[in-house]
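S.K.: Next up is a structure, given as structure tokens.
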Amino acid sequence: MRTAIATVCLSGGLVEKLHACAAAGFDGVEIMDADLVAAYESPEEIRALCDRLGLTVDLFQPFRDFEGVDEATFADNLRRAEAKFDVMQRLGADTVLVCSNVATATIGDDEVAARQLGELADRAAERGIRIAYEALAWGRFVDDYRHAWRIVEMADRPNLGTCLDSFHILSRGHDPSAIEDIPGEKIFFLQLADAPALDMDVLSWSRHHRLFPGEGSFDLTAFLGHVLRAGYAGPLSLEVFNDTFRQTDVVRTAAHARRSLTWLADRTAEAAGWSTDRLTAAAAPLAVDFVEFKGENLGPLEEMLDRIGFTFRGRHRSKPVRLWSAGETRVILNEKARHEAPQLAAIGVRVDDAAEAADRAESLGAPRVFRRTYAGEQDLRAVAAPDGTEVYWNDQPAESSWVAEFDGGGPEQQLSGVVDHINLAQPWQDFDEAVLFYSSVLGLAAESSTDVPGPSGLVRSQVMRTDDGVLRIPLNLAPPTAPVPAQHVAVRCDDVVAVAREARQRGLRFLPIPDNYYDDLAARFGLDPSTLDVLRELDLLYDRDADGEFIHFYTPIVGGVFLELVERRGAYDGYGAPNAPVRLAAQRENGTVTA
Ligand SMILES: O=C(O)c1ccc(O)c(O)c1
Ligand SMILES: [Mg+2]
């Protein structure tokens, strides 16, 4: 598989972009005309740099508004084209993207378009240049890849082919299966982009909201399958116009982009039953092994765990680390971090084969994390997620592996619980990368995203989960101007009312819930007054849908983290989303418990 990326995907100047593309391991680039125009380096210098970096210039793009025009405009368009062909020869690019006319076309006649493109191709042929004609979704007369292909066929020139762009095809809901009717050698170029399902005009959608494969809702696996079955043998090239990626760190975004192609190639090969470009299979998470909080002073958090009913299991033999548990919920408190407020540092996942899971993560370019381990201690492999959260794999039962490294605690369990979900707040620029990370590295599926109104703006929430729900990671995206919200771990138990009552008796502080909330609950659900009284008395939140009920409560925030206790009744599968605005507002009013 050869890979390429369009320079429009990235931030920075052209030279910086080319360095980042090479560092990420791309084979080639699509150079956007505008990026070259704005560079001080000559086309010859850019060409030499690409040579040194081992990059080929696979496409020069785009040449706009060429076909379907009157004769005077056509003559001027040929003059423009000749000037760009000069640049391409200096740049060492042999394929130019001509996208369907959106502005100056006045003649909606395929014969005219074919004749004009044919003449352009003949001029290009004299210089060994190929023309790739692409239907833009908002083209004036040509907005469908099948139409662009008919015109290319009609013009019938060896150096005129088509460029397929997944965005223009899938955004319009056009059936991609007819791609297989195009001879592979006439598909001169392939541009790949994903996108979220948005109901908006297609030009704005395309120019601002494209995503890397695996981050949106297009079925790119099926799409690429059609293209490869047609016999296309050129590079898989990313063309992702996205407001966030155009301003994030160029080296990191290029690496992120490259990971999306590794993932897509693997998915496509698997779907088609091919043995090339495969990764080791994603090991299905079987359970949450542990969560780890890190910070300078974890005393207040420890006190909370104690009051909730967690059991102290002991100190680590060789590290400043303590373990608390409640049934299958294991919480590691790590005080190694100096001058840091408590934060969620790591997630441990139980799998069948930890080495295989870690190998897969590393082939996807996830950065490996190293931890000091001593002889006789379990060495768990780990990588860092985009926001820095470490993900560990363990294929041994926790209690008979790393848990044995802790001494001095009690074995008795007061509370029995499992980790229900782990809520990871994402810095605004990491969100889409995190979606790809959790789907590609851990094999989690994305549920549809929702927007929660909070006091500092809308919080976008997207749950990444296994089908069976043993691992659920809601990702939250706060507005760019708001502070990154706290992260939390939710523990599921069988009787949250009893847990809340006992915790209150032990002196646990709860996140106080306003009275108005309970008046609203009464109105929405018609709960009987005694149930409502219990909820109100214990600061419990409630939700119900056709499948069941959800009752939960929150602790205050400590540093950057807090805890939630939940009970699911019946087949309720949500997270109490209607209560999230109330929680966000209450957290803002009640500030943070400091150490
Ligand atoms: O938005 C555009 O103008 C544009 C240009 C070139 C492309 O390949 C494309 O898909 C879109
Ligand atoms: Mg395109």
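Cβ coordinates are placed from backbone N, Cα and C, and glycine is handled just like the others.
I grabbed these lines from TrEMBL:
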{"type": "BINDING", "residues": "Glu134, Asp165, Gln191, Glu239", "note": "divalent metal cation binding site"}
{"type": "BINDING", "residues": "His421, His488, Glu564", "note": "Mg(2+) binding site"}
{"type": "DOMAIN", "residues": "287-396", "note": "domain 'VOC'"}
{"type": "DOMAIN", "residues": "418-556", "note": "domain 'VOC'"}
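Give me the lay of the land around each of these features.
M.R.: According to DSSP, Glu134 (divalent metal cation binding site) sits within a strand segment.
Counting only residues at least six positions away in the same chain, the Cβ atoms of Asp420, Asn423, His488, Val489, Ala490, Val491, His552, Phe553, Tyr554, Thr555 sit under 8 Å from the Cβ of Glu564 (Mg(2+) binding site).
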S.K.: Can you check what DSSP calls Glu239 (divalent metal cation binding site), collapsed to helix, strand or coil?
M.R.: coil
S.K.: Grab the pLDDT values for the domain 'VOC' (287-396) and give me their mean, rounded.
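M.R.: Averaged over the domain 'VOC' (287-396), per-residue pLDDT gives 93.
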S.K.: Between the Cα atoms of His421 (Mg(2+) binding site) and Glu239 (divalent metal cation binding site), find the distance and write it as a whole number of Å.
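M.R.: Rounded to a whole number, the Cα-Cα distance is 34 Å.
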S.K.: Out of Glu134, Asp165, Glu239, give me whichever of these binding-site residues has the highest number of other Cβ atoms within 10 Å.
M.R.: Glu239
S.K.: With DSSP as the reference, give the number of residues of the domain 'VOC' (287-396) in helix, strand and coil.
M.R.: 20 helix, 45 strand, 45 coil
S.K.: Just the binding-site residues from Asp165, His421, His488, Glu564 whose C-beta lies under 6 Å from any atom of ligand 1, please, or none if there are none.
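M.R.: The ones that qualify, in sequence order, are Asp165.
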